[in-house]
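Trainee: My structure is below; once you've seen it, I'll send some questions.
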Amino acid sequence: MSRLLALLALAPLLAGAAETTAPKPPSAFTVEAQRRVEAELPFADRADFERADRGLIRRPERLLIRNPDGSVAWQLGGYDFLLDGKPRDSINPSLQRQALLNLKYGLFEVAEGIYQVRGFDLANITFIRGDSGWIVVDTLTTPATARAAYELVSRELGERPIRTVIYSHAHADHFGGVRGLVEPQQVASGAVQIIAPAGFMEAAIKENVLAGNAMMRRATYQYGTQLPKGPQGQVDMAIGKGLARGPLSLLAPTRLIEGEGEDLVLDGVPFTFQNTPGTESPAEMNIWLPRQKALLMAENVVGTLHNLYTLRGAEVRDALGWSKYINQALHRFGRQAEVMFAVHNWPRWGNAEIVEVLEKQRDLYGYLHDQTLHLANQGVTIGQVHNRLRLPPSLDQEWYDRGYHGSVSHNARAVLNRYLGYYDGNPATLDPLSPEDSAGRYVEYMGGAERLLEQARASYARGEYRWVVEVVNRLVFAEPDNRAARELQADALEQLGYQAENAGWRNSYLSAAYELRHGVPRDQPTMKAGSADALAAMDTGLLFDYLGVRLDAGAAEGKALSINLRLPDIGENYLLELKNSHLNNLRGVQSEDAGQTVSIDRADLNRLLLKEVSAVRLVFEGKLKSSGNPLLLGQLFGMLGDFDFWFDIVTPAAKSEG
């Protein structure tokens, strides 16, 4: 049997020899792995499909949403292949189930006066009926999708103005569409209020700025943005179908929920807000609606194990704190709740079920925290813990605890990293060579490229795909132009992608295979680390911190300058000092020894940094005033580098020339 599997496993390699860039079919080992999943999980439980359809008011026959410039912001037609329910051997059956559930889009009634539009973006948008208008919780990613959701609600439920916008937390898929619902003038006049958890603006901006370019490039892997939709491509994103495309917007909150939370009455509707900082977002809050006995758990309890560490990159989240906040919600609200819903996936009804889900999600994050550290305290390292830790059956067999978004594997490593860091304690790993420097030596020790490939192909034929990608990665980094190595690496990554239950893992594996076969798509549009709204909302100190990240240390070597910067429209002064190839900024300080003093409104500084206007034009218009050496600010800006979005990931990074 094992020999037959090996021969069948080699068939995709041989069949694909004529067209090496095309996706390969699932191997016999992958098919066998999918059958094991079907046997191990409770697929007879179809209750989630009833939940995901419950309360449906309207499901548009064709969902295609365009941005104002005519580009496609969102469409679901590419996922029609899922609708026949036929098992696909190139998709993990558990992930395929989640992918089909996330296709349940449209306008739904959750409870009396509470409605959700689901499937118009990665997240859900919630409309709560007030005395005179709508209270909206979360605004999707981009104005086009938010506007389309609001138009659907208006058609089906009647036209009503929006009185309040609530941001549940500080991630872009929950605030980026706000300008599709309300105008800045409505907020400025007080006609619309915006409510958010304490720390919202700092969290919304800071998390995505300083390392924003790297995060967004890595997000192309996690979300599979380069992949075609299909059985051998992108099928889902666990908490939704994928990312909407279009500009982000951001309007600052007019009221923050402070402390542990607050009780408010909004347009006649009573709300209780529970702040949960440091859970799924640095600033996040659950919402209790006592009139309907409805509990909105933000993104703290959704239809999957969530990320303690997200593959795009971010600070590691606090598993223990997350567990404790769920426990608080359970005891404050959960034992009264008759409906529980969230900003992703579908609701749940009935108190007994709600209590059980809250308990098991609480214990899911608590178990990951405690048992990871239990192993760590026995000497298990960050390179081992993901192969040791397993969930108990009472958690593992619940669909909402499965690892579609987070995974036990990468979450366990995240917990260990949060407490002990990346170093495993073994001095052999304390000061490693860079992969591109060690790769050639590994290949030499293994007998050269041909011998390595010969053995790797044999491992591939045995279905040892994890081992193949570990070994062949060395050869790809030693010889990035070795076509045979790239093809074998892509084939092995692809099989891992087909087998992955986790949507981010699948997308990452398949994106890596795509780039190994086709190269990095440098001609594709790039994602921006910040929009004009984001820049305007950014604290000035953070703005200058970001300029420090952009500083080209080589260009700044040996240079020293100091600039007094005055921002009269916001009443702030900063001292900028460049020394030792580092840019310092200090608020509220001016130096008599500064080489230049510049006065410019913060709004005009934003325009200058966005390259909407030149410094010469601002001087001519009297909007930039300077004394001392007039060249220093220009010299400083001339040392700022721009980041290449499409940097290499699965091959050695190109050497910088500067």
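Heads up, the Cβ atoms here are built off N, Cα and C, so glycines get one too.
Just so it is clear, the model here is predicted, and its values are computed rather than measured.
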Trainee: Pick from HIS174, HIS386, HIS405: which one does Swiss-Prot list with ASN307, LEU308, TYR309, THR310, LEU311, ARG312, ARG317 for the same sulfate site?
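Mentor: Within the candidate list, Swiss-Prot flags HIS405.
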Trainee: For the Zn(2+) 1 site that Swiss-Prot assigns to HIS169, HIS171, GLU280, which of GLU151, GLU260, GLU299 is also named?
Mentor: GLU299
Trainee: Among HIS331, HIS344, which residue does Swiss-Prot name as a further Zn(2+) 2 binder in the site formed by ASP173, HIS174, GLU299?
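Mentor: For the Zn(2+) 2 site that includes ASP173, HIS174, GLU299, Swiss-Prot also lists HIS344.
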Trainee: For the sulfate site given as ASN307, LEU308, TYR309, THR310, LEU311, ARG312, ARG317, HIS405, which other residues of the same chain have their Cβ within 8 Å of the site's Cβ centre?
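Mentor: These residues sit around the sulfate site: HIS306, ALA314, GLY406, HIS410, ASN411, ALA414, GLY504.
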Trainee: Quick check on the binding-site residues: of HIS171, HIS174, ARG312, HIS344, whose CB has the lowest count of neighbouring CB atoms inside 10 Å?
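Mentor: Least crowded of the binding-site residues HIS171, HIS174, ARG312, HIS344, by Cβ count within 10 Å, is ARG312.
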Trainee: With Cβ-Cβ distance below 8 Å and at least 6 positions apart along the chain, what are the contacts of ASP173 (Zn(2+) 2 binding site)? List them in sequence order.
Mentor: ASP121, LEU122, ALA123, LEU140, THR141, LEU243, ALA244
Trainee: Taking 10 A as the limit, how many CB atoms besides its own sit near the CB of GLU299 (Zn(2+) 1 binding site)?
Mentor: 25
Trainee: Checking your reading of the structure: which of the binding-site residues HIS169, HIS171, HIS174, GLU280 lie inside a 10 Å Cα sphere centred on ASN307 (sulfate binding site)?
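Mentor: So the list is GLU280.
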Trainee: Using the structure shown, find which entry in HIS169, ARG317, HIS405 (the binding-site residues) has the sparsest Cβ neighbourhood within 10 Å.
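Mentor: So among HIS169, ARG317, HIS405, the binding-site residues given, the one with the fewest Cβ atoms within 10 Å is ARG317.
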Trainee: Should HIS169 (Zn(2+) 1 binding site) be counted as helix, strand, or coil on the basis of DSSP?
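Mentor: Strand, per DSSP.
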